[in-house]
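Summarising the annotation, TrEMBL assigns substrate binding site to ARG49, ASP106, GLU107, SER108, LYS148, GLY165, ASP166, HIS243, SER244. Feature annotation from TrEMBL assigns Fe cation binding site to HIS119, HIS144, ASP145, HIS217, HIS243, ASP276.
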Amino acid sequence: MTILIDHHSDHNDAGDDIVEKNVTEEETELVLDGGFVAPHTNSFGHTFRDYDAQSERRRSVEEFYKTNHIGQTVDFVRRMREEYGKLNRTEMSIWECCELLNEFVDESDPDLDEPQIEHLLQTAEAIRKDYPDEDWLHLTGLIHDLGKVLLHPSFGELPQWAVVGDTYPVGCAFDESIVHHKYFKENPDFNNPSYNTEHGIYKEGCGLDNVFMSWGHDDYMYLVAKANKTTLPSAGLFIIRYHSFYALHKSEAYKHLMNDEDRENMKWLKVFNKYDLYSKSKVRINVEEVKPYYLSLINKYFPAKLKW
């Protein structure tokens, strides 16, 4: 794979060759002949994941994370996993779920204000162009955010702080690399000696599958996919559960909790993350044109109807 970027380097984190290219702010289209173009700026004209940029959304994003960091406790996560793990809300297809997301905009995201289905297809199509033979990765791109249906009234209409945003482990110390870390001081677990050490309730190398992550759309979609017996490879499930775990794949925190399978799957998550983040642009996807392809992948890896 070749990724076109605009700075000097011989390779990127995934070991791919990089071709130097000057990218203007307007050049945000997905190119067909050389790979994925990483644009300079997000939809608001700022660098990606800049939580201090003076954009119209900065204050609301920070307020979001304050509420999120106070509310995400071990007890809350256990309660949500037990309640939503029953999968007794409804039955619907993957595509029906995609269409439900048209109603929502992610309040935690400083880079995008488009309906979620636009981002899903932008991500999937960008991956498809650079990895044409990895159809499981295309589908993972499409479905990685479907857990955001937790915002819908039929799913309990959970508040955004319990659905979106960066994720992180609970039950051990909150790493300082987590965005707006200062607000964890008001979290009830922050001063709990059982939860505020490096390992907390976990053991070295226990594996991330045994770690409680802050509750949200990532963990919910992971539970849905597993319970409905998807045939996606383990790397696909890993991406779904940890794609918002920026403290790990951006800052390399919590690596002491990983096992060998996690480390292997991490390679694919780092590939995926480039597309998940940098495909957030004003580029529009023709939904009806690509729909037949993604329906074929859904039929390959999932049952016709899923329990949610």
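Note: Cβ is positioned from N, Cα and C throughout, glycine not excepted.
All annotation found in TrEMBL is predicted automatically rather than curated by experts.
Positions of the features from TrEMBL, shown on the structure.
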residue	record	Cβ neighbours (10 Å)
HIS119	Fe cation binding site	24
HIS144	Fe cation binding site	26
ASP145	Fe cation binding site	25
LYS148	substrate binding site	26
ASP166	substrate binding site	22
HIS217	Fe cation binding site	27
HIS243	Fe cation binding site	23
SER244	substrate binding site	24
ASP276	Fe cation binding site	23
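Here the Cα atom of ASP145 (Fe cation binding site) is found 10 Å from that of SER244 (substrate binding site).
Within 8 Å of the centroid defined by the CB atoms of HIS119, HIS144, ASP145, HIS217, HIS243, ASP276, the record's Fe cation site, lie the Cβ atoms of LEU120, THR123, ASP218, SER244, excluding the listed residues themselves. In this structure, the C-alpha atom of HIS144 (Fe cation binding site) lies 10 angstrom from that of SER244 (substrate binding site).
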